[in-house]
């Protein structure tokens, strides 16, 4: 389909959808999303502030936690404008180019989170399997290099996506099924040859989620083997306990991804609302849960929070 100037047609704006089939109760949905955003933003900012101001938290584990919190803020702020516009102000239109920018940042931060979780599993591997070399292996320069490497990898692999979408004509309407822009959603309304987009999308998923999850699993296999070799039951428990926060964060991130993939693969007739709700879980729950998990499971974080409250009320 061609526009008036003979170029492939692309709509000036795309229409976002709240939750399919929910004509009533939008105010309650808006309230829920606002609460999720508040918990996520306040929680992750608290983690960043604590790690910055508390000298006892200037350790590799907490530097990686800061990266995770910073990335979770990126996820939240990437979706926030259109989600609030859709549910709070009933404004459902987004400029086509702005949609591509949002799509890029949502996917980039998502893939960065996978890389950060892998780096955190390496941190736990070194701490448990080679504790005497922990400080020499995970130096500040290496941690910085790992962080920059994660950013560079995610940015370069996702950079072609907006241009691959931009080249396509859109002849199947302009209505998207979410309150934000995702690459699979845009592919449903695009026409022309989308094989390149799908193949490259599959490559990126395998190159990031596939490789990262494999190495995370390998790290914990080696960690478990090292822990089982410890004679003292108390020491085994203590070693495993240092991994619990990270294991919970990994599960909070990967379980929704696996669930979305399983539904897409084995339940093709699933109602659209199921796909939309699982995508919302995948994007909104990890940024909200991660600061809660680390605040509950990490003694040093709990102590820092208590000190802040004591100073505030003292």
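Placed from the backbone N, Cα and C atoms, the Cβ positions cover glycine too.
Taken from TrEMBL, the feature domain 'G-protein coupled receptors family 1 profile' applies to 43-294.
What TrEMBL lists as transmembrane segment is 27-50 (among others).
Counting residues 6+ beyond its ends, the transmembrane segment (62-84) has Cβ neighbours under 8 Å at 16, 30, 33-34, 37, 40-41, 44-45, 47-48, 51-52, 94, 102, 105-106, 109-110, 112-113, 116-117, 119-120, 123, 140, 143, 147, 150, 179-181, 249, 283-284, 286-287, 290-291, 294, 300 in the same chain. Under the heading transmembrane segment, TrEMBL lists 62-84 (among others).
Look at TrEMBL and you will find 104-122 (among others) tagged as transmembrane segment.
Residues annotated as transmembrane segment in TrEMBL: 143-165 (among others). When Cβ-Cβ distances below 8 Å are used as the criterion, the transmembrane segment (143-165) is approached by residues 60, 63-64, 67, 100-101, 103-104, 107-109, 111-112, 115-116, 119, 183, 186, 190, 196-197, 200-201, 204, 207-208 of the same chain, each at least six residues removed from its ends.
Sequence annotations record features per position, and here TrEMBL assigns transmembrane segment to 199-223 (among others).
Remote same-chain residues near the transmembrane segment (244-267) are listed as 68, 113-114, 117, 120-121, 124, 209, 213, 216, 220, 274-275, 278-279, 281-282, 285-286, 289-290, 293-294, 297-298 (criterion: CB distance under 8 Å, separation of at least six residues from the stretch ends). If you look up TrEMBL, you'll see 244-267 (among others) marked as transmembrane segment.
What TrEMBL lists as transmembrane segment is 273-296 (among others). Non-local neighbours of the transmembrane segment (273-296) in the same chain are 17, 19-22, 33, 36, 39-40, 43-44, 46-47, 65, 68-69, 72-73, 75-76, 79, 106, 110, 113, 177-178, 180, 182, 245, 248-249, 252-253, 256-257, 259-260, 263-264, 267, 302, 305; each lies 6+ residues outside the stretch with a CB under 8 Å from one of its CB atoms.
Long-range neighbours of the transmembrane segment (27-50) within the same chain, counting only residues 6 or more positions beyond its ends whose Cβ lies under 8 Å from a Cβ of the stretch, are 18-19, 57, 65-66, 69-70, 72-73, 76, 80, 83-84, 87-88, 284, 287-288, 290-292, 294-295, 301, 304-305, 308. For the transmembrane segment (104-122), the list of distant contacts is 61, 64-65, 67-68, 71-72, 74-75, 78-79, 146-147, 149-151, 153-155, 157-159, 161-162, 180-183, 204, 208-209, 212-213, 215-216, 219-220, 246, 249-250, 253, 283, 286: same-chain residues at least six beyond its ends, Cβ to Cβ under 8 Å. Confidence in the domain 'G-protein coupled receptors family 1 profile' (43-294), given as mean pLDDT, stands at 91.
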